[in-house]
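Novice: The annotation ATP binding site is assigned in Swiss-Prot to 170-225 on the grounds of sequence analysis. Under the heading Mg(2+) 1 binding site, Swiss-Prot lists Asp303, Glu316, citing sequence analysis as support. According to Swiss-Prot, the Mg(2+) 2 binding site annotation covers Glu316, Asn318. For 140-349, the entry in Swiss-Prot reads domain 'ATP-grasp'.
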Amino acid sequence: MTKKRVALIFGGNSSEHDVSKRSAQNFYNAIEATGKYEIIVFAIAQNGFFLDTESSKKILALEDEQPIVDAFMKTVDASDPLARIHALKSAGDFDIFFPVVHGNLGEDGTLQGLFKLLDKPYVGAPLRGHAVSFDKALTKELLTVNGIRNTKYIVVDPESANNWSWDKIVAELGNIVFVKAANQGSSVGISRVTNAEEYTEALSDSFQYDYKVLIEEAVNGARELEVGVIGNDQPLVSEIGAHTVPNQGSGDGWYDYNNKFVDNSAVHFEIPAQLSPEVTKEVKQMALDAYKVLNLRGEARMDFLLDENNVPYLGEPNTLPGFTNMSLFKRLWDYSDINNAKLVDMLIDYGFEDFAQNKKLSYSFVSLGEEKIGKFN
């Protein structure tokens, strides 16, 4: 039986480039463990160029990346308008894309648009699901209008930010807030703010990453929860995981980039989270509701905050969850009796299923007949 060819894409130009490599290693091993697929790897360098498969294999093996990229760039025809994606031709045809590009390109819908243009199946949400979910402000608007509980927030740009003094923020949202770049992931461009000086610095930092910034209320006594969701029309939800960070060190009591990807030794993980049956049911239902409202497919991780009264608030979705050894998403499915190999096999099947379903849709056009207009008369 001929094995289907899976194009595993990793790297990218975001701050999560190195995280993507570690996720891709685990996905590669899981796909290989199924024994069902041939894997072709493509790294996207930090300059945005797809690298050929041989160079990509070296980068996946964590060889020193820059010399590999430099050598590849010497082979690039700079006059080719498609030079950035030209390397995709180097491996011949393949059956499905498996993107593992965190942050920009992978989670904002860019790659999914390319896959759709190439008329190829791919793992994960469609372009619009990624694009909407990557924009924290737009996500919160959709959650709110659909009755899915989330925290109070304000959205500002560089001009309107001048209208929101620290005193005004405190009156509206309380004296502890989080300032976040609207279009970034994994705690990049996020600051916990407790005074006017920190507020000014946080805005300046977040505006380095996006021209739209979210200012969000803090949740009193918050426990951070995570839930995995996989599937298409009838998605499955994992057990709920919880993590707590001591109020010390770089994290200041919240789950920041360092705690997620650099050193999680101080983080306490709890799988499954010790919650009442009522709260467990509510969190899982909110996760499923958000998955559908945001038009997600394939996979996602839903992050929640649980306040001191055990009321859950949906924080934000992650449409391409990390799959490193430190990632809770990976561990949640392990606990739910879906091991890595089974999980990736299901994700690939969901990708083929969604592609086949979309092929049934009609994209007909209306002819304008022989009428000629403008300069073409």
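First residue shown is number 1, and so on along the chain.
Cβ atoms are placed via backbone N, Cα and C, with glycine included.
Since this is a predicted model, take the numbers as computed values, not measurements.
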Novice: Restricting to the chain of Gln184 (ATP binding site) and a gap of 6 or more, list residues whose Cβ falls under 8 Å of its Cβ, or answer none.
Specialist: Ser15, Gly103, Ile190, Tyr209, Asp210
Novice: Taking the Cα atoms as reference points, how far is Ser191 (ATP binding site) from Glu316 (Mg(2+) 1 binding site) in Å?
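Specialist: On Cα coordinates alone, these residues lie 16 Å apart.
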Novice: Within its own chain, what residues at least 6 apart in sequence put their Cβ under 8 Å from the Cβ of Asp303 (Mg(2+) 1 binding site), listed in sequence order?
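Specialist: Same-chain residues close to Asp303 (Mg(2+) 1 binding site) (Cβ under 8 Å, separated by 6 or more) are Glu224, Leu225, Glu226, Leu314, Gly315, Glu316, Pro317, Asn318.
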Novice: For Glu198 (ATP binding site), what is the secondary structure by DSSP, using just helix, strand and coil?
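Specialist: In the DSSP reduction, Glu198 (ATP binding site) maps to helix.
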Novice: Which site among Val170, Val177, Val219 has the most other CB atoms no more than 10 Å from its CB, taking these as binding-site residues?
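Specialist: For the binding-site residues Val170, Val177, Val219, the Cβ with the most other Cβ atoms within 10 Å is Val177.
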Novice: Whose Cβ, among the binding-site residues Glu198, Asp205, Glu316, has more other Cβ atoms within 10 Å than any of the rest?
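Specialist: Buried the deepest by this measure is Glu316.
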Novice: If one looks at the chain holding Lys212 (ATP binding site), which residues at least 6 apart in sequence have a CB under 8 angstroms from its CB?
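Specialist: Expected: Asp135, Ala137, Val155, Val156, Asp157, Ala181, Ala182, Asn183.
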